[in-house]
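For reference, the structure is listed below as structure tokens.
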Amino acid sequence: MRPKVFITRAIPENGIEMLKEHFEVEVWPEEREIPREVLLKKVRDVDALVTMLSERIDSEVFDAAPRLRIVANYAVGYDNIDVEEATRRGIYVTNTPDVLTDATADFAWTLLLATARRLIEADHFTRSGEWKRRGIAWHPRWFLGYDVYGKTIGIVGFGRIGQAVARRARGFGMRILYYSRSRKPEAEKELGAEFRSLEDLLRESDFVVLAVPLTKETQYMINEERLRLMKKTAILVNIARGKVVDTKALMKALKEGWIAGAGLDVYEEEPYYNEELFSLKNVVLAPHIGSATYGAREGMAELVARNLIAFKNGEVPPTLVNKEVVKVRKPGF
């Protein structure tokens with residue numbers, strides 16, 4: 001009898017087809033997030049679970065799933081999963097790093113450039129017919145933004161995505177600063193990056209890109225005190241997690257001019273709506289789509305499948321998060 005895997009949202013077919021060769025596969029068929037009560041019913045007889053970052057996978061889920069041996073998160077982040085509890089129970093947890101690195105780094109630059117050059121404002125001005133109504137072909141003061149080439153970028157979090165952001169910054173002739181829990185000498189040499197304390201990075205940077213995982217240490221690390229350290233002409237880009245930034249402090253900074261603007265792809269709660277924040281013209285907003293390219297999504301689906309197939313074959317999954325779990329239980333169903 002094949003082990004059973006439940007997938008909480010439809011992922012690209014390439015991953016599903018790979019899984020069907022080894023597993024009995026069930027996919028939640030709806031576009032909306034799976035309701036909690038439905039998830040708890042579905043996991044009762046599954047051996048493996050493929051989850052999205054929107055699902056909370058905790059003791060309640062583990063209690064409802066006595067056969068569960070592995071959770072494959074369709075994301076690079078895994079703060080939606082109680083990894084410590086999973087490890088205690090001998091449940092393997094995997095994620096999807098690397099395959100979405102370039103797409104996410106590209107999107108950080110999309111937000112940075114769109115905010116710096118006021119692209120959304122200009123788009124609305126053109127699309128709404130206001131340009132035509134004004135009857136002026138060109139004006140020297142319309143939508144003045146900020147130069148990017150040759151400026152200083154500060155990257156908070158210098159893992160795969162942070163370093164990919166830095167590689168792109170080299171093409172813009174930028175000075176690259178970074179803050180990380182530990183220094184990265186090889187990356188410094190390759191990218192010409194300079195290590196700074198978080199406070200010094202915020203003071204010196206024209207653009208600050210957040211690319212850290214959400215942990216106890218990074219939660220609300222960008223607060224009012226630190227926002228006040230930034231230049232008044234600086235732009236903040238968050239592609240990390242919403243709770244890395246204190247939203248109330250950020251709104252105050254944007255409204256009172258402590259910083260020039262922000263580009264956000266992530267929020268404290270998702271889905272998210274904040275009329276006060278969303279009414280501000282100096283913020284560019286996206287609904288958590290940093291890795292949303294066809295190539296990245298298909299790569300993530302393939303990696304999910306590879307992790308589950310490896311586990312089924314008694315092998316340690318390629319991107320195992322909780323490596324210490326192998327001491328609790330050997331891979332395999």
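In case you wondered, yes, glycine gets a Cβ from its N, Cα and C as well.
Here Swiss-Prot flags PHE158, GLY159, ARG160, ILE161, SER180, ARG181, SER182, ILE239, ALA240, ARG241, HIS288, ILE289, GLY290 as NADP(+) binding site, drawing on sequence analysis. Annotated active site per Swiss-Prot: ARG241, GLU270, in sequence order. Residues or ranges marked as active site, proton donor in Swiss-Prot: HIS288.
Annotated features, which come from Swiss-Prot, shown on the structure.
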{"residue": "PHE158", "record": "NADP(+) binding site", "contacts (Cβ under 8 Å, 6+ apart)": "ALA166, TYR178, TYR179, SER180, LYS184, ALA187, ALA193, ALA211"}
{"residue": "ARG160", "record": "NADP(+) binding site", "contacts (Cβ under 8 Å, 6+ apart)": "PRO97, ASP98, THR101"}
{"residue": "SER182", "record": "NADP(+) binding site", "contacts (Cβ under 8 Å, 6+ apart)": "none"}
{"residue": "ALA240", "record": "NADP(+) binding site", "contacts (Cβ under 8 Å, 6+ apart)": "VAL156, GLY157, LEU210, ALA211, VAL212, PRO213, LEU214, THR218, VAL266"}
{"residue": "ARG241", "record": "active site", "contacts (Cβ under 8 Å, 6+ apart)": "GLY77, ASP79, VAL212, PRO213, LEU214, THR218, VAL266"}
{"residue": "GLU270", "record": "active site", "contacts (Cβ under 8 Å, 6+ apart)": "SER54, GLY242, PRO287, HIS288"}
{"residue": "GLY290", "record": "NADP(+) binding site", "contacts (Cβ under 8 Å, 6+ apart)": "LEU100, ALA103, THR104, PHE107, ALA108, ILE239, ASP265, VAL266"}
Most distant Cα pair in Å, residues PHE158, GLY159, ARG160, ILE161, SER180, ARG181, SER182, ILE239, ALA240, ARG241, HIS288, ILE289, GLY290 binding NADP(+):
28
DSSP three-state call for GLY290 (NADP(+) binding site): helix, strand or coil?
coil
